[in-house]
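Visitor: So TrEMBL has the following annotated:
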{"type": "COMPBIAS", "residues": "A:19-50", "note": "compositional bias 'Acidic residues'"}
{"type": "REGION", "residues": "A:1-71", "note": "region 'Disordered'"}
{"type": "REGION", "residues": "A:524-554", "note": "region 'Disordered'"}
{"type": "REPEAT", "residues": "A:179-221", "note": "repeat 'WD'"}
{"type": "REPEAT", "residues": "A:365-398", "note": "repeat 'WD'"}
DNA sequence: ACACAATGCAGCC
DNA sequence: TGGCTGCCCTTGTG
């Protein structure tokens, strides 16, 4: 049975009066078929329907779920109006086709460019980049403009380094725990640097959750640290009982995790709300341990430095991105404390020398086609860069000492949804010594046995291949926030209001990178409805370890795990 | 079952 | 430049 995800509103009825003037809307009618008037089979069908319907106007809320348009067929003179009904595409408003969910599969509007790679001429379903078993995530064609050194590096050095470094491993099977206590969407996650089971989570309301995911009863939520979106958290490198957090309320808070007592290190809106034009928010934040600095950046393009010893702002704010544009992220190089990476709404990621911070003084400007959601140095050597941009591409620069003019690879990946959800950010696996594995949530859904699911993807940034995808048939929401544990084999995901902890079922249950990608499906679908939202998380967390929405212990049943099965998705 | 809002950005004038 | 509109797979609430 085909179930629409959501049937459309009342049928939109457009009645065009018969006039002598040329109406542009009537030429929209047939698209390529030129100026009307042959009546297609479809139209005839619809006409019959209309006659049955008596008045010709569909009843309000008739539940048909199709948008229909009454199109008058023009005739010369004052001939009676002939009316035909047509299906109209919700996306482009043109007749002849429909876009939307058919069961758990989304049908693209053929008039629009591919939803995934943004190129015209094909739909998402036919996109060569489509995340499907036959294709995988294809890397963009590598430019053939390598210089000889780079060529030698690629051909000789990289294979050798791979021999001495173990390839990353991925779990063979996973289990999942769910916890709900955020009342707004999750915006950031951070693992404790020493305590392996401690996870911090921030939400859109500014609440900070501290929880032990082995003993889920031990959780604390601090609700008064910030008044709106908690965008970033960092542990104090010299005292891991304290965290810095930046928020859209324009403040940096310095919070004791035991007591929840916090002090404000900075406030960009000391006079309170004076309207949206003057309100400033802090998005990017990082800590530079060597220099004893907290770095934050605001929605006006400015970078601020706070001395961690005095807890006071130091120096002057520096314009690091286009004036008036939001700086989305900051990352200090893990090896070279003088290097800073920033990214912003001006479509750039920029590399800075901390010793020469001044407007326009960046070392490199990495161009993107859209807003850059995140930019990270690789976690161990700090020589690679991974960015996530809203043009549905992950970009990798293989070496900051090499050619920085254009990325070494672009990987098409669906993550371009920017409102209503926390922006997607691809992150490195901090445990992967080869610095190739990255994790990122996926926006576009995949029809998994009749359920539209949004997996979390593990991508080999060296090849662009999708090596594993994690999903649970009972988790139908999108998980834009993902964090891999710095030491353990744990993935934490943040969705709308829930947190998920994914772990390999068995400690030793790992496989090295293989040609075929792993599909890690956790649990079985609760066969409720064959539509998209099978097993809505809001009502169905009973099958998961953890808590239900009231914070009580829910039924503790081990999930049954399916995996390594070849995917059976019908499109 | 459906309407609606919260919400960020791009493109237009 | 700034204000306005529109937007293709959201998600929870009323």
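Using the three backbone atoms N, Cα and C, a Cβ is placed for every residue, glycine included.
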Visitor: Which residues of the chain, 6 or more past the ends of the repeat 'WD' (A:179-221), have a CB below 8 A from one of its CBs?
Guide: 227-235, 237, 240, 243, 245, 247, 249, 255, 257, 260, 421-422, 481-483, 485-488, 490, 492-501, 537, 541, 545-549, 551, 553
Visitor: What are the DSSP helix, strand and coil residue counts for the repeat 'WD' (A:179-221)?
Guide: 0 helix, 22 strand, 21 coil
Visitor: Summarise the model confidence on the repeat 'WD' (A:179-221) as a single mean pLDDT, whole number.
Guide: 90
